[in-house]
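Engineer: A single structure is presented below for examination.
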Amino acid sequence: MKWSEFKKTEKAGYIFIVLGILNWSGNFVAARGLAGTIDPATLNLLRWVLATLIFLPFGIKAFMKERHLVARYWKELSVIALCGISLYDTLVFIAGATSEALNMSLISTMSPLLTALIAQFFLKEKLKPSMYAGIAVSTFGVALLVTDGSLEALLHMRLAKGDLLILCTAMMSAIYNTVVNKVAGKISQTTLLMSCCLFGTLYIIPLYFWETGGQIVMPEFTYNLVVSLIYLSVFASILCYLFWNMAVEAIGASKAALFYYTLPPASAVVAWFVIHEPVNMNQVFSGMIILAGIIFALYGGSLNFMRRKAHNYG
């Protein structure tokens, strides 16, 4: 099978989504290490300026060759860049100033459900009841994870101003996945990513000047900041977005969005490996529930079919 054919298969889609999640999960570890040392919009701008410069030699040729497609789909590409690059990370950091970690984690899990609803309405994706059941199971797993097994914490949740911003980011990620799925196959992945880098960086600039009061303010470029920026630019930006977009094209927006649920346990594994944070049994158990929910959402109908078939043979 040729690469052009394989990359569009469901098997390839799941490989891409795993690679995307692995590259993305370190994003939270890096952000934790930079907390309090750099402003959100400044970090986002530096991250994507560097990512654009790194990817430019690889993407500019395809971008120029397909510039007529960029002109045709500039509205869709602008939405993708705004929702997935310019606003998403910036709003998450801003929300963190007033929203509690529990609220942020739980509200952000609405993204797969919102993606499923938007994809069903705009892209006419046919979703089975098992999809929504799986989303519910995975959401429960995330709740167990972020409350450290004490669901009583949910009763004491306090809504803050930042919670509305987190809800906005959940909607943005849903819109991002849906629009990427819409333009998939109409424009090459290289041009799509190059467009995201260029448009996204351009749209971050107003946010940067809004945050700095119209002044150019640069942080102190310490060793930790430089290494983190390189990681964020190469792995959590270029490779993550490339693999994620390829996965959305191969398996669809709704199925890809389900893997948002794996970010908390994946981040825990990366944190354990990189900065030696301990992993407890609640994290393992919650991760298993999250994975079970994803499997049921993807294959619930197929599992029922196989069970009935086995029963008939018995």
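Each Cβ is built from the backbone N, Cα and C atoms, and glycine gets one as well.
Reproduced below are the annotations present in TrEMBL:
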type: TRANSMEM; residues: 12-33; note: transmembrane segment
type: DOMAIN; residues: 12-146; note: domain 'EamA'
type: TRANSMEM; residues: 45-64; note: transmembrane segment
type: TRANSMEM; residues: 76-95; note: transmembrane segment
type: TRANSMEM; residues: 101-123; note: transmembrane segment
type: TRANSMEM; residues: 130-147; note: transmembrane segment
type: TRANSMEM; residues: 159-179; note: transmembrane segment
type: DOMAIN; residues: 161-298; note: domain 'EamA'
type: TRANSMEM; residues: 191-209; note: transmembrane segment
type: TRANSMEM; residues: 221-244; note: transmembrane segment
type: TRANSMEM; residues: 256-275; note: transmembrane segment
type: TRANSMEM; residues: 281-299; note: transmembrane segment
Engineer: Do you know the DSSP helix, strand and coil residue counts for the domain 'EamA' (161-298)?
Structural biologist: 116 helix, 2 strand, 20 coil
Engineer: Against which stretches of its own chain does the transmembrane segment (45-64) lie, if we need a Cβ under 8 Å and a gap of at least six residues from its ends?
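Structural biologist: Distant contacts of the transmembrane segment (45-64): 70, 85, 89, 188, 190-191, 193-195, 197-198, 200-201, 204-205, 207-208, 229-230, 232-234, 236-238.
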